[in-house]
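J.: What follows is a structure written as structure tokens; I'll ask about it next.
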């Protein structure tokens, strides 16, 4: 998502320790304002970099459990003990790496992991670049040929535009968050990075809602008569661009009010459901449309009164939309139901690498493989060739008569 979609595991670990440290330091500040009574001296609350040790009277001991953090400690039920002595807190016994069995990550593993992310970035950069070029060409084709101007292709252009925004948002987000290696993107919290994440989330929402519009339009065509009527155009625009705008606006206000930390890319936050729930809703509605359109299409094609031309029109638009609905929705639903630390590599591959070529696939299905578009291009190409031949003939005739 992509977003990289999901907080990187390393960032989750860092943010976890920072939150625990902040809680512990707040406790220390609170205790420092209440001086100890005579005869109650002991060891004050202390943060040792891993755990918070509450204040303890002299001569007593305390045990804390290992932090429950995947990919850092193998055991979460181990206990570490410290004593309060006249010289202060004793060293942890047994040490964290022994009691909690610290996960070991060799330098070779780290280098391989870094190499994998670099390779993935190259792949999705190529994917988004290919998609952007194909989508811009497709929009140019639909815009240039007057015969292709109708509601159906207008919706396609909006759908293409949502993919262009998504690809652009990915490049902007990468340039803001990862252009400078000296910046700690896990803790960075600037207006620029929040704006980049907000723009990205809007483009993702618009993407799914214009796919929903494609499904709604297809169902409308099957329910009514195949037509280029523009009466529903503004309704489609409100769904495709308006719903994502309202959703992102609510999300931004919620984050500003209740969870305004980091760059808003911590997808473990409960407020992330403000974005996730509308996307899942759009996918669910599209799935219902998928089932309904399949049923109606079977009835339409078997209808003896339907002309061959209308059957071809239904089939041409239907096969594209019916392919896109499950293709774009299934992987999102699957990953949305799993915890973020499960299948991280597979998630990144699907959301970044394969997701980057979705725009190219859309342009291919709706434009380049569209028989109506191909026929119009051939007609104009033939017209241009005849015009050029006529001009050459006229120039040759003028030279001969001169």
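Here the Cβ of each residue, glycine as well, is placed from N, Cα and C on the backbone.
Below, the features straight out of TrEMBL:
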- 23-104: domain 'G-protein coupled receptors family 2 profile 1' (DOMAIN)
- 120-370: domain 'G-protein coupled receptors family 2 profile 2' (DOMAIN)
- 122-143: transmembrane segment (TRANSMEM)
- 208-226: transmembrane segment (TRANSMEM)
- 233-253: transmembrane segment (TRANSMEM)
- 273-293: transmembrane segment (TRANSMEM)
- 321-342: transmembrane segment (TRANSMEM)
- 348-369: transmembrane segment (TRANSMEM)
J.: In terms of Cβ proximity under 8 Å, which residues at least six beyond the ends of the transmembrane segment (122-143) contact it?
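T.: Same-chain residues near the transmembrane segment (122-143) but 6 or more away: 149, 153, 156-157, 160-161, 163-164, 167-168, 170-171, 352-360, 362-364, 366-368, 373, 377.
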J.: Given pairs 6 or more apart, does the transmembrane segment (273-293) have at least three Cβ pairs under 8 Å with the transmembrane segment (348-369)?
T.: no
J.: Looking only at the domain 'G-protein coupled receptors family 2 profile 1' (23-104), report the model's average pLDDT.
T.: 81
